[in-house]
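Student: Dropping the structure in here first, questions after.
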Amino acid sequence: MKEMNICGINKNWVLPEAQENNVKKFLPRPLSRVNGWSPPLHSFQAISWITYLAMSIVTFGIFIPFLPYSWKYAANIVMGGVFIFHLIVHLIAITIDPADTNVRLKKDYTQPVPAFDRSKHTHVIQNQYCHLCEVTASKKAKHCSACNKCVSGFDHHCKWLNNCVGRRNYWFFFWSVASAAVGILGVMIILCYICIQYFVNPDELRTDPLYKEIISENTWLLFLSLWPVPVKTPIVLSIAVMALLLAIASFVMLGHLLIFHLYLITKNMSTFDYLMKTRFKKNLHPAEEKELPLQKKGDLPQEKSDNWAWPKSPPRVGSQKFPVSTLSPKSSVCFVASPPKICHSED
């Protein structure tokens, strides 16, 4: 029989907080991630690579060979250049370590990061010193909770790259998005031309010499340049429709993301600045919001004495004039799609 006290409470009952603290003591301390190739890899990486591979196969293996003979060379050169450029900048954006200079010079990525103790420190970074990385960080650096390190010129944590985007790889990220949008737009133009020509003048899609041996107009050749595969019209149309729908969905997301970053560039803001400024405005009264001056990049009320991308402790009464973030301990600024939002790093 359970032993109870006078209030009817089990004496062996443990407070949830104490239970949680006991569990945390036995959990291994996390390591910092070097770049987008560091485990754990993210499922969004697989989606992006599968999409890139699928678009490459259908574009160069199926649809460009349908174009008029004189257009094929131009299409292969232009689309090939865009796809190769995207691959290069995408790989660079993933591979670069965006950590702050002092972190890269001092940090041993094989060693676990110390746990943050709020009883000793109010914030992760104070007076430009990071208590987790144990280095003096640059002014615009933030400590990313997903990568568990200070990132120079922190913009956001990108799940598609599985890497933080900061000062060292921001422009590679930007050109990766821009080249992907241009490439997808090119695929959409080619697909629209093929669909229109199929109903208007299908002979324009059968200019390759190999079609002279094909008697049936309901038979089409895929992968003409490598290994011609004869298929019926419904198969070609099904592939074209699926590719077009995928291209449209990708272009909407990429276009939105590209426009958003063009806006940030014109305003000289980072994604992190934008999110914090938006959150700050939501917590203001209408009268106070009208009086809020236009702020420059990195000059936000929340960052007046602290640079962070880590959850802050609740403000003490009378010591904090501005609202602070209520991010959970495993949250970071991430891109799932555009616009950006606060999301859990383990999602």
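Just so it is clear, glycine is given a Cβ too, placed from its N, Cα and C backbone atoms.
Okay, so Swiss-Prot annotates it like this:
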| type | residues | note |
| --- | --- | --- |
| TOPO_DOM | 1-46 | topological domain 'Cytoplasmic' |
| TRANSMEM | 47-67 | transmembrane segment |
| TOPO_DOM | 68-75 | topological domain 'Lumenal' |
| TRANSMEM | 76-96 | transmembrane segment |
| TOPO_DOM | 97-170 | topological domain 'Cytoplasmic' |
| ACT_SITE | Cys158 | active site, S-palmitoyl cysteine intermediate |
| TRANSMEM | 171-191 | transmembrane segment |
| TOPO_DOM | 192-234 | topological domain 'Lumenal' |
| TRANSMEM | 235-255 | transmembrane segment |
| TOPO_DOM | 256-347 | topological domain 'Cytoplasmic' |
| COMPBIAS | 291-306 | compositional bias 'Basic and acidic residues' |
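What's the neighbourhood like for these features in this structure?
Tutor: Note on the transmembrane segment (47-67): residues 75-76, 79-80, 83, 86-87, 160, 183-184, 186-187, 190-191, 193-194, 205, 208, 221-226, 236, 239-240, 243, 246-247, 250 of its chain, located 6 or more positions outside it, place their CB under 8 angstroms from a CB of the stretch.
If you look at the topological domain 'Lumenal' (68-75), the same-chain residues 6 or more away from its ends with a CB under 8 A from one of its CBs are 190, 204, 207-208.
With a threshold of 8 Å between CB atoms, the same-chain residues lying at least 6 positions outside the transmembrane segment (76-96) that come near it are 35-37, 52, 56, 59-60, 64, 161-163, 165, 168-169, 172-173, 175-176, 179-180, 182-183, 186-187, 190.
Shown for the topological domain 'Cytoplasmic' (97-170): DSSP residue counts in helix, strand and coil, namely 7 helix, 19 strand, 48 coil.
Remote same-chain partners of the topological domain 'Lumenal' (192-234), defined as residues 6 or more beyond its termini with a Cβ less than 8 Å from a stretch Cβ, comprise 60-63, 65-69, 240, 244.
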Student: Test of understanding: give the count of other CB atoms lying within 10 angstroms of the CB of Cys158 (active site, S-palmitoyl cysteine intermediate).
Tutor: 27
Student: Across the topological domain 'Cytoplasmic' (1-46), what is the average pLDDT of the model, as a whole number?
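Tutor: For the topological domain 'Cytoplasmic' (1-46), the model's average pLDDT rounds to 63.
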